[in-house]
Amino acid sequence: MSNKNNLRYALGALALSVSAASLAAPSEAQQFTEFWTPGKPNPSICKSPLLVSTPLGLPRCLQASNVVKRLQKLEDIASLNDGNRAAATPGYQASVDYVKQTLQKAGYKVSVQPFPFTAYYPKGPGSLSATVPQPVTYEWEKDFTYLSQTEAGDVTAKVVPVDLSLGAGNTSTSGCEAEDFANFPAGSIALIQRGTCNFEQKAENAAAAGAAGVIIFNQGNTDDRKGLENVTVGESYEGGIPVIFATYDNGVAWSQTPDLQLHLVVDVVRKKTETYNVVAETRRGNPNNVVMVGAHLDSVFEGPGINDNGSGSAAQLEMAVLLAKALPVNKVRFAWWGAEEAGLVGSTHYVQNLAPEEKKKIKAYLNFDMIGSPNFGNFIYDGDGSDFGLQGPPGSAAIERLFEAYFRLRGQQSEGTEIDFRSDYAEFFNSGIAFGGLFTGAEGLKTEEQAQKYGGTAGKAYDECYHSKCDGIANINQDALEIHSDAMAFVTSWLSLSTKVVDDEIAAAGQKAQSRSLQMQKSASQIERWGHDFIK
């Protein structure tokens, strides 16, 4: 079979497979390996308006080696700015400038969207000790930690338990109602149990009752709710007092210690400021049928953020540059989100401030957050809910199938990843916009089965440098970066040519729109995580 016929066969087989409920790998997948081999782009096609005339052109032109050059630029920016690119820092501003200038040079009109947010950075570890009835010192990151977005403070006070419900299987509502603080002695430290409502509500109720500080301990209703976790009082917290998180066992012990007095110190910086999203779109394409692609540009304060999420940002930037002269049928809009690490602030602001008619124009949103993890897996957001139960908005299952089809065409295995609201698709989900995307893993541990699928080491984190100083260029797996950059390019190209697979799924769901809307509202009300941290 000729290469030309190979290509024609691939496109035909792929179109059929994507529309099917169950996808099978093309029978001649091995023959396509040569076509997909990295390092063989056709320069005349890569610089041509015909780049997206088929979904196969853009992935062929998007080379990981060029993405790595952009990652090196982001690492250089971090190196010149205290080792990070966190939102509202000079390193982030330099990252914004780099993306903006690169897009402008490619011919894009670029919008830099400011938005308010509360910057939060730990300056050092906290301290916690008992002074009465006897001295005890507790260990940082073993017995207690900060809730993200806590205020700073240095408090010594009596500890007062608030409406606790101890024991396995408990349904704690501790601190969720103002009435829980009846007769609460002002100036005390409120000891509150996790459960039911969000941490912000608990802390603000305590502050309103006159608490000088708050300790929220884990719920203890199940074995996985006893230790420390990444938790937050939220970017909108206005209680004005320090809040720390502790283990369930410590919380129980403190609640049963008469006349307990604790000294807690929280050493953080928290201030209201503003930062930016960067948005650009192709000059051509139907403006009423937009395919939106997004990746967060900011890092955490602790490191340069080259995998998280320089990888998604740099791959998206390289793709945008390649698409600058292309002729898509549908307009492609790119966004580099700010303050994702502070709680998806930039993407949430963007979606919530779109007029209803503008939201309707976004047919699909594609999210790329961490696509170069060193011990990677090929993870696709579970749009159809077949792996984790929660479905995306109508059209999301079709997007998942497109990604699955790509991996099968490449002879690669893949699997679903949970819709857990840890990245910037969250507000698109809440707005009922079809979404999909890729992820190669963060702090979770690779299983034996996954090691057999993808290689790497079982029992080891997908990214041991997640949210750490060592998240630099050396932390990038270039094989993962190549595969996932190509997958991003493939699905973006496909949808830029036609959103029929998404349209058909939305139309099919139309008769069930009311029940689907109620399901979406219920799902949104049950969200326990928003970004990196648990919110309740």
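Even glycines carry a Cβ here, placed using N, Cα and C.
Among Glu274, Glu281, Glu341, Glu505, only Glu341 appears in Swiss-Prot as part of the Zn(2+) 2 site alongside Asp308, His467. Recorded disulfide link (Swiss-Prot): Cys470 to Cys465, out of the candidates Cys197, Cys465. Nearest neighbour of His296 (Zn(2+) 1 binding site) by Cα distance, taken over the recorded positions Glu340, Glu341, Tyr466, His467, Cys470: Glu340. Among the recorded positions listed (Asp308, Glu340, Glu341, Asp369), Asp308 has its Cα nearest to the Cα of Tyr466 (site 'Transition state stabilizer'). Long-range neighbours of Asp369 (Zn(2+) 1 binding site) (same chain, six or more residues apart, CB within less than 8 Å of its CB): Ala295, His296, Asp308, Asn309, Gly312, Glu340, Ser423, Asp424, Gly437, Phe439.
Cβ neighbour density within 10 Å is lowest for His467 among the binding-site residues His296, His467. For the disulfide-bonded residues Cys465, Cys470, counting C-beta atoms within 10 A of each C-beta gives the highest total at Cys465. It is 15 Å from the Cα atom of Cys465 (disulfide bond) to that of Glu341 (Zn(2+) 2 binding site).
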